[in-house]
């Protein structure tokens, strides 16, 4: 890890002091960061979840941590794929708002009803808080067999909240009611472990600050470009130290986000193809089935082998807060060649932890398991630091290096037009209104009786040679 010089991108000390925050050094305060260490369980294949107590008397549920959505929702009725659900009739503090809500994800969807109730987090901030909760009444491909969570905690901005941005998000409610700093941080410890294992991999969701024991070296920050998802700006990718040489806008088409609720590193199709070609070219495997790259096939090796030595390192360059500089986060193949299935006593099978995407580059769990990630909403930036738990066989599998110059990169790699969902709706309504006006004018013109008889000349006749649709005019 290269230590960076002091700059505006360094994190201020949040461990107590003149600002009066009651943090880890003050066990009697409302914010004890050390108490939140190891409060997550799960794996990269099925997500990391946090235990919450909801309602009065409290009902214990496991809630998936998702930085790529903004609704807090829990199973509200029995479901064959969940072991518990929130029974609103048993809670004396539950209040229904009577508002239907539907949320669709890249995979799966659910429909429910908005309400409010009190929550506490056993390994979180002290106290009980009133939060907007959607109870899920119907779902499709949302709860899956084997998952150990019963709801989802959307930690993105209110712009993504359904049915509208007026629904206060979970974290905004905590910041307002508990008076905690507008920052949270996330560590997921699943590096080199089966992606769908026992579900007991460790992890930490630190609400309101940064816990020093969860990272090594320095924190490097990149600006949040738009406050909806945690959208960042990616400048380039390298495979095995070789630049892919793509236009930097390709990496941000149509957005690049940091999303703990996405399992893989997802890349726009053009970038994905270039990465696969580069990995195949630089790996020590001469021929490899295309099904492995597309996710339809597993690759299996003898359990005594370590296939990771056959593959190159992957690096992602992010723009620094100082826009003339960048830094790179790198993952070794131990993070993207993922153990998933053992066959008998001799074989271990792996999947490719990278996939293609139609609408975004998504830094998901494949990458995030290598880092302690700080979502500094107060200063509109996302930070990355090397995670001590990102080790396989005692060796680190992630790196951060910098700074690098951005002289060879465009000054802006993100489209100036943000195609946010609300904007698309406004544009759609505007176009429909315009079409309606034009249609009304045409109807009026058709209904107005002709004032005079037009006398055709030879130049008015549409003949077969000049007509786009022959024989239509008679």
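Placed from the backbone N, Cα and C atoms, the Cβ positions cover glycine too.
Please treat TrEMBL annotations as automatic predictions, because they have not gone through curation.
Among the features that TrEMBL reports, domain 'Peptidase A1' is placed at 48-385. Taken from TrEMBL, the feature active site covers 66, 259. Annotation source TrEMBL lists disulfide bond at 189-389, 248-413, 300-349. The N-linked glycosylation site annotation in TrEMBL covers 322. Look at TrEMBL and you will find 423-448 tagged as transmembrane segment.
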Cβ atoms near residue 413 (disulfide bond) (within 10 Å, other residues, all chains):
21
Given the disulfide-bonded residues 189, 248, 349, 389, which one has the fewest other C-beta atoms within 10 angstroms of its C-beta?
349
Looking at the recorded positions 66, 259, 322, which has the shortest Cα distance to residue 248 (disulfide bond)?
322
Please average pLDDT over the domain 'Peptidase A1' (48-385) for the predicted structure.
93
Can you give me the same-chain residues 6 or more apart in sequence from residue 300 (disulfide bond) with a CB-CB distance under 8 Å?
343, 347, 348, 349, 350
Please report how many Å separate the Cα atom of residue 322 (N-linked glycosylation site) from that of residue 66 (active site), as a whole number.
28
In whole Å, note down how far the CA of residue 259 (active site) lies from the CA of residue 189 (disulfide bond).
16
Give me the long-range Cβ neighbours of residue 259 (active site): same chain, 6+ apart, Cβ under 8 Å, in sequence order.
66, 67, 68, 229, 230, 362, 363, 364
